[in-house]
Amino acid sequence: MRSTYLREYKLVVVGDGGVGKSALTIQLIQSHFVDEYDPTIEDSYRKKCEIDGEGALLDVLDTAGQEEYSAMREQYMRTGEGFLLVYNITSRSSFDEISTFYQQILRVKDKDTFPVVLVANKCDLEAERVVSRAEGEQLAKSMHCLYVETSAKLRLNVEEAFYSLVRTIRRYNKSEEKGFQNKQAVQTAQVPASTAKRASAVNNSKTEDEVSTKCCVIC
């Protein structure tokens, strides 16, 4: 039986201005392509779906890419559980900005890695491409993340990009939980050894005192 529980995932769409963040988000939520470019300050959308047999409620934050809104970035980076890092394959500058966004996420989260998916958008404009697929794949490899080429206009790999991020979050959380459990197990295993060491020290002290003074040791 499939689960009816809807686990909420806070997804944040990040990238330079004009790369198609809003178009991707609205295609996911409304199955509609927004042709005109209207710079976003911050919009939030929610979508119920099922991913690998598990219910999910996607809370998607579509963010501003313009430099004048950069002060807002750290605020949404603190709350995001996973990030779509989006660039436009016809814009070299949008590709170059990805590393800056990624490093800022790691700094805010104080982590060496974090759930992200690298999204190369506007792949329907192949004739105008200036960032090769190989370059995108290499960048994704350096960030230890999945690489997806999308077209908001053609609705190509839109769901795959968002759903892959949810899967990445799930794997990351399981890994973090396992690491925490292992740490707890190590700490628990160390307690008896530490206790035994203290007990041994007390017994040795007691023996020495009994021999020399015949006094009782209170500890």
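Backbone N, Cα and C atoms are what each Cβ position is placed from, and that goes for glycine too.
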Swiss-Prot annotation (motif 'Effector region') - matching range among 37-45, 109-117, 199-207:
37-45
Could you check what DSSP calls GLY15 (GTP binding site) once collapsed to helix, strand or coil?
strand
Local confidence of the motif 'Effector region' (37-45) - pLDDT mean:
70
